[in-house]
Each structure stands twice: as C-alpha cells, then as structure tokens.
Amino acid sequence: MPDYFVRVLIVMAVNVVLVSSLGLSNGFTGVFSLGHVGFVALGAYSSAILTLALDKKLAYLPYLPGWLAQIQLGFLPATLIAGLLCALVGLIVGAPLMRLNGNYVSVATLGFLIIVNVVLVNAESFTRGARTFTGIDTSTTLPWALGWMVLTLFILSRVAYSPFGRAMRATREDLIAAQGIGIRVLPTRLMAFIIGAFFAGVGGALYAHYLGSFSPATFYFALMVTQLAMLVVGGQGSLTGAAVGVVLVTLLSEVLRNLERGFSLGSLTLPPLYGVSQIVLGMVFILVMVYRPSGLLGDRELQLVDSSKASQGASSEQEAV
C-alpha cells in the first residue's frame, strides 16, 4: 500500500479514537465540552516525555527533574500512563465543571483548553515552550492505530449501551426527570467525562508518535474545530457516526489540502489557496448545524455496535418517558 494512503488511514484511526471519546461526553450526556483537545495535548506531551531517549532528554530538556530525566518507557506503557494521567486530570477538572449546564459548561471547558495551552507554552523545562518538541519515535504504525481504534469503539459501545449509558442519555434528554427517577447526575456526567479524557490521552499519545514533532499550537483551536466538525457531521449521539464523520472530514481535508498547494490541469493553473481547508470545513460545520443538527446518523449506530443492545437502550428510554 502506498505510504500516502497508510498515513491517511493512520490519521483516520487516531481521529476515530479522539472523536468517539469526545462523543461520549458531548453526545451521550449532552455536556458540550470544548476542552477535549486539552486532554489530547496532555497525552501527547506526557507520552513524548516518557518515551524520549535519555540522550535526547539531556539535549532537548536539560532542566527536567532528575527522576523524570532518567525514565524511558516503551510506547505501550507510555500510552497507557498518558491515558491514566488524563483520566486523573479529568476527575480533578470535571468534579466542579460537570455541575454546570448549557453554555456555562462549554465556556468553562474552553477555559480549560486555554489554561492547558498556556501551561504548555510556559513550562519550558518540560515542553520546550512554544518551540517544536522533536526527537520522538514514530511508533504509531497502522496496526497500532487500527488496534486502538477497534478497542476504543468496543469499550465505548459497551459503556454507551449499558444501564450506565442509558443513565447518560437520560441526563441528556431531561435533567430534572432523570433526577426524579433517582439518577445521580453529577457522578454519571463525571464518569463519562473521565472515560472520554482517558481515551483522549491515549489518542494524544498515538498522535504524538505519529507526527514525531509538534508544538502547543498543534493541539489548539484548529484541532478543536476539526474534531467538533467530525463529530457533528457524523452524529453526536452515535459512536459509529463519529467514525463516519472522521472518514468524510478527513477525505475532504486531504482534497482541500492539495488545493491549498495549487495545481495545474492542462492550461488551467490555480495558485495556492492558503486557508481554504479551514474555510470550507467551517462552512460545512455551519451548514450541518443548520440543516441537519443531529448529523448523518443522529443517534443510530451501524452494525459495528450490537443492535440488540441499542434497541434495548432505546426501548428503556421510551418506557421511562
């Protein structure tokens, strides 16, 4: 398979991990988080530091604490630790934020993303600041990316279509009614937020070890908008919808990226169209929100998820109503 297509497939698989974990919070609990990329950034930097060769740490990060400067882990343990670290941060951050509703929680999670970016830029001893963090082994091969994608979708589907998942959807549909039938809203939202943070950290580690070099700007507003567009296009209440959104937006992005470089077709020559990908993706995001706010699949799942579990979840919700 040509290297270009392998790279595109890796990007798709990693984005499925990131976007489906975002959908667990945004789609199933109705908590519209804008800070998911903050966990992606934390996962990327933590795994990069843990796997960086000792001689490179000495050269690139000479002011690291001694205990951290002497650690070099493999790709898999570093990825798992990155996920667990993000889950811990998700617990600390989510405990107060998940008490908020509506636009307030969106603004608060956006503030979390901004804080993470500011910390990464200023913590030069750990992150090299605004400069590019480089020297990372490109360990995210296609089997690794596909394996984590399948595992993520499997685990999230088990969570989403379990009794706990039905409780999540109940808090999304009617908060007061959910409280009235005994659902503990804060723990339900918080657990979904923590699980999403774990897989965001894992996805960040995969992304870091695919790129090989990155900076805080890599994990900021542009990535946030792209992930939201993928989720909204596919369907916020559908895990496989998130995967569909990833495929469509990634393919569109690749086409637009080639247009940005300019191209020639016979006697017709187009100059480079810088920024056209962000403009078109923004327009797609707006159009989908206006004309199909539920996305292409809405709350429906493809056959990757056990349809019997999905139907049981839907029937239970109807009985509750």
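Glycine is no exception: its Cβ is also placed from the backbone N, Cα and C atoms.
Residues annotated as transmembrane segment in TrEMBL: 6-24, 31-54, 74-97, 104-121, 141-161, 190-208, 228-252, 273-291.
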Stretch of maximal Cβ-Cβ contact with the transmembrane segment (74-97) [cut-off: under 8 Å; candidates 6-24, 104-121, 190-208, 228-252, 273-291]: 190-208
Leading stretch by Cβ pairs under 8 Å, where the reference is the transmembrane segment (228-252) and the options are 31-54, 104-121, 190-208, 273-291: 273-291
Considering the transmembrane segment (31-54), which listed stretch of 6-24, 141-161, 273-291 counts the most C-beta pairs under 8 Å: 6-24
Most Cβ pairs under 8 Å with the transmembrane segment (6-24), selected from 104-121, 141-161, 190-208: 141-161
